[in-house]
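Marked as transmembrane segment by Swiss-Prot: 24-44, 45-65, 94-114, 117-137, 144-164, 171-191, 216-236, 240-260, 272-292.
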Amino acid sequence: MYTSVLLNVESTILDFWRLLKPRIMYLVVFTAVAGMVTAPGSMHPFLALISLICVALGSGSAGAINMWYDRDIDLLMERTKNRPIPSGRVSAESALEFGITLGILSVFIMAIAVNYISAALLAVSILFYVFIYTIWLKRRTPQNIVIGGAAGAFPPMIGWAAVTNSVSWESFILFLVIFMWTPPHFWALSLNKSEDYAKASIPMFNIVYGPEKTRKYILIYSVLLVLTSLLPALFLKKALLYLSMAIFAGCIFIWYAISILRFKNHNSQKQMFSYSISYLFSLFASIIFCSIDLF
């Protein structure tokens, strides 16, 4: 009996954890770390930890509310039908309450423990993801990812503001890198999930304009992304080292973009999507490494 109860509790905890979209949350926190490390000045380690926890909670809040709102279309898509809400493991009301609570807590704690600017940016990122992307753009325009991608680009600015209590052109450049990365990343996924998106009536770029035009735009955005990724060298301590890392990773990114335009198959698009995740991690790892003095 006790074993059964424990298993049910564990299963419930895991389902609420899945509401947070943890894979996205890890990337969000990592890019926030990059913003903190590149910022001038210093921050007490405990406050830095609090800041990152708030960023994680804010990201999870947006993810949970997104799953609450999208529960109807999630049920129609193979990729999402087993999520906690459409599968019936978590009620829609519980998910919404969970998401709102996390969002309020994250912004409140950030404001009280860290500073108001970082808290305001965190609030804007949550609200942008929920209201601008999820509720307004996602089901209405093929530019949903292009504009909505701004929501996921805020974490480096939040990290920077947590340290400096300000917003600067340097943090905006980090924002811009993620903003330019988002379209080719998600379009590569949507090319392989066209039937899912069509079934759910989501006007992804490839559904509205076709796969061939989407592949061309992936290449265009990939080139723009790689060019944008060179800009952090303007303020990093190890600028030349960073440039070499960014150019190397960027050339591979463009190679994958050319591959999907050339081969036009599921495998090349899957490889592009997978590499895009590794690319962003490696790029921001390079930013972190080239911001610190090890010797």
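For all residues, glycine too, the Cβ spot is worked out from N, Cα and C.
Taking Cβ pairs closer than 8 Å, the transmembrane segment (272-292) reaches residues 27, 30-31, 33-34, 37-38, 156, 174, 177-178, 181, 184-185, 188-189, 192, 218, 229, 232, 236-239, 241-242, 245-246, 249-250, 252-253, 256-257, 259-260 in its own chain, all 6 or more past its ends.
If you look at the transmembrane segment (24-44) against the transmembrane segment (144-164), you find at least three C-beta pairs under 8 angstroms, all six or more positions apart, and that counts as contact. Highlighted: of the candidate stretches 45-65, 94-114, 117-137, 216-236, 117-137 has the greatest count of Cβ pairs under 8 Å to the transmembrane segment (144-164).
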